[in-house]
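Quick notes on the structure that follows.
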Amino acid sequence: MNAVVPEAAATSPERLRLTEIFLSLQGESRSIGWPTVFVRLTGCPLRCQYCDTAYAFHGGEWWDFDGILAEVARHGVRHVCVTGGEPLAQKRCIGLLERLCDAGYEVSLETSGSIDIAPVDLRVSRVLDIKTPGSAEVERNLWSNIAQLTPNDQVKFVVCSREDYDWAKAVIAEHRLVERCEVLMSPSFSQVRPRELADWIVADRLPVRFQMQLHKVLWDDEPGR
Ligand code: SF4
């Protein structure tokens, strides 16, 4: 990864701590399959039991916004996904999202659902996790986020068991989620067989979009892919 000179970034009020910037295919969400630049911010206050990006909890390097924008531009694609970790744990992420939108990119944000999304630019498609009991972080859900959702956003459940699936179904009904935005559901890798979850959704005719993480199928979850 080509970081900006740390001294220069350290003096900038527009800086963020990043674990990596890389080009890949979007592996999930509504933008699945598009060549996408991923900007992975360092740090997360949660500890989901299935987390596949624990390498982003610590470390990273300071980048200023101009450096990030230049690195994104170098890859020459239209889609940019700001992810983590939990990107919103760094407050300056809001400014970066705005800059990316102003530059004309299709911007998405992957967030844990535990931090207020209200300050996020509405041009950004916010992919909001709702943590299930099986994640071990269900108590971190910030339920007031649901009122902020627009049709440009997406809600995502990672399902770890049949109990999680039933819980998610109840949440979808209680909060009328499908009337607010698209609802995504994916199996927790190695905990629920994809086919099992697919069968449950079909049997219930649940109006959600089933997802398998494409990058895991293609590249077996290598970091940076
Ligand atoms: S919110 Fe995301 S990055 Fe944070 S622990 Fe959970 S899965 Fe990992």
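The backbone N, Cα and C atoms fix where each Cβ goes, and this holds for glycine too.
What TrEMBL records for the S-adenosyl-L-methionine site is Y50, C51, D52, and among G33, G76, G85, G95 the residue it adds there is G85. Taking the mean position of the Cβ atoms of Y50, C51, D52, G85 as the S-adenosyl-L-methionine site, the remaining residues of that chain whose Cβ falls within 8 Å of it are C44, C48, T53, A54.
Ligand 1 lies under 6 Å from the Cβ of C44, C51, out of the binding-site residues Q26, C44, Y50, C51, D52. Here C51 ([4Fe-4S] cluster binding site) is compared against the binding-site residues L25, R40, T83, G85, and the shortest C-alpha distance is to G85.
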